[in-house]
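**Student:** Quick one: this structure, given as structure tokens, is what I'll be asking you about.
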Amino acid sequence: MGAANLDEVYQVLEIFIFASYRHCNQWFLSYYLFKKFQAPPALSSLILRKDQNDTGSAGVKSLRAIALLGAGVSGILSFTTIASADEAEHGLESPSYPWPHQGILSSYDHASIRRGHQVYTQVCASCHSMSLISYRDLVGVAYTEEETKAMAAEIEVEDGPNDEGEMFTRPGKLSDRFPQPYANEQAARFANGGAYPPDLSLITKARHNGQNYVFALLTGYRDPPAGVTIREGLHYNPYFPGGAIAMPKMLNDGAVEYEDGTPATEAQMGKDVVSFLSWAAEPEMEERKLMGFKWIFVLSLALLQAAYYRRLRWSVLKSRKLVLDVAFK
């Protein structure tokens, strides 16, 4: 193959690679070919025409084969690049777990929510806040009203001002939000080596892959593989973006003692706390599903009524024919 043919091959490869990334159509390819490369008409027809008779010289067929090979290689490279970029942005893709409340007819496991709240209180609340959740939200979901009032009374809340214009502290009540572990963001970063623990109120909706990501992150701590160096103070977790996370492994077997006697394994605690966080992010899920079924039932009745009127009422009017008998004299 001569130098001229090699130049044409390089031009063909460049155009096909450009097309694979830009998803250009044939007309744009033709314009791009003529205006940018000043390619001869023969080369343009070589790229854009359809060989219906499967004929042509060996040189043309080889050029087409090389062009198709270049397009395939560029497509594979682009797919690999996109996959690598996605893994770098979101971390290792977490598995899909069979959460019992994800079905159309399923509701939350309220016993799991109660255990998850216990895990949050004893393990997570020392660093992570839940600023959008009040104690009254737990009533009827995981605790009775008396249990929730006693729980809220254990905290001290700054309130005021009083009649003298001074702030004072009082026992917590149902309308109070969950307490904040730190006074402000600066204090939180100082206590955690510069890392800021996120608020967990909406964490299952604020992260890619939601519940699966949170569970995989909590149970996915590993020793770094060969060739991977983790800076001091960080911990290796493949599900975290970048693989290095400031939070150490918090869920260890027996870390809490469940009130109902459930064995507190790492997986059980992860499942329970994710159930609690899922409820916190979507407390209206059960009501929304119930309302959806009510609307489906009502609209089904309306559809049957509309079909009846369409078939037996309006069809008579639409198919009626008027015959006018005019007598001519």
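Along the chain as shown, the residues are counted starting at 1.
Quick reminder: no glycine exception, Cβ is built from N, Cα and C everywhere.
Whatever TrEMBL says is automated annotation, not expert-curated.
Keep in mind it's a predicted model, so treat the numbers as computed, not measured.
The domain 'Cytochrome c' feature in TrEMBL is assigned to 111-218. Annotation comment: TrEMBL describes Cys124, Cys127, His128, Met247 as heme c binding site.
Distances, neighbours, how buried they are, the whole picture for these features please.
**Tutor:** According to DSSP, the domain 'Cytochrome c' (111-218) comprises 46 helix, 12 strand, 50 coil.
For Cys127 (heme c binding site), the same-chain residues 6+ apart in sequence whose C-beta sits under 8 angstroms from its C-beta are Pro181, Ala188, Ala191, Asn192, Pro197, Met247.
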**Student:** Indicate the candidate from Cys124, Met247 with the smallest number of other Cβ atoms within 10 Å of its Cβ, considering only these binding-site residues.
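**Tutor:** Across Cys124, Met247, these binding-site residues, the one with fewest Cβ atoms within 10 Å is Met247.
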**Student:** Starting from the Cβ centroid of Cys124, Cys127, His128, Met247, which together make up the recorded heme c site, report each further residue of the same chain whose Cβ lies within 8 Å of that point, ordered by sequence.
**Tutor:** Val123, Ala125, Ser126, Pro197, Leu200, Met250
**Student:** For the domain 'Cytochrome c' (111-218), provide the mean pLDDT of the predicted model.
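**Tutor:** Over the domain 'Cytochrome c' (111-218), the predicted model scores a mean pLDDT of 95.
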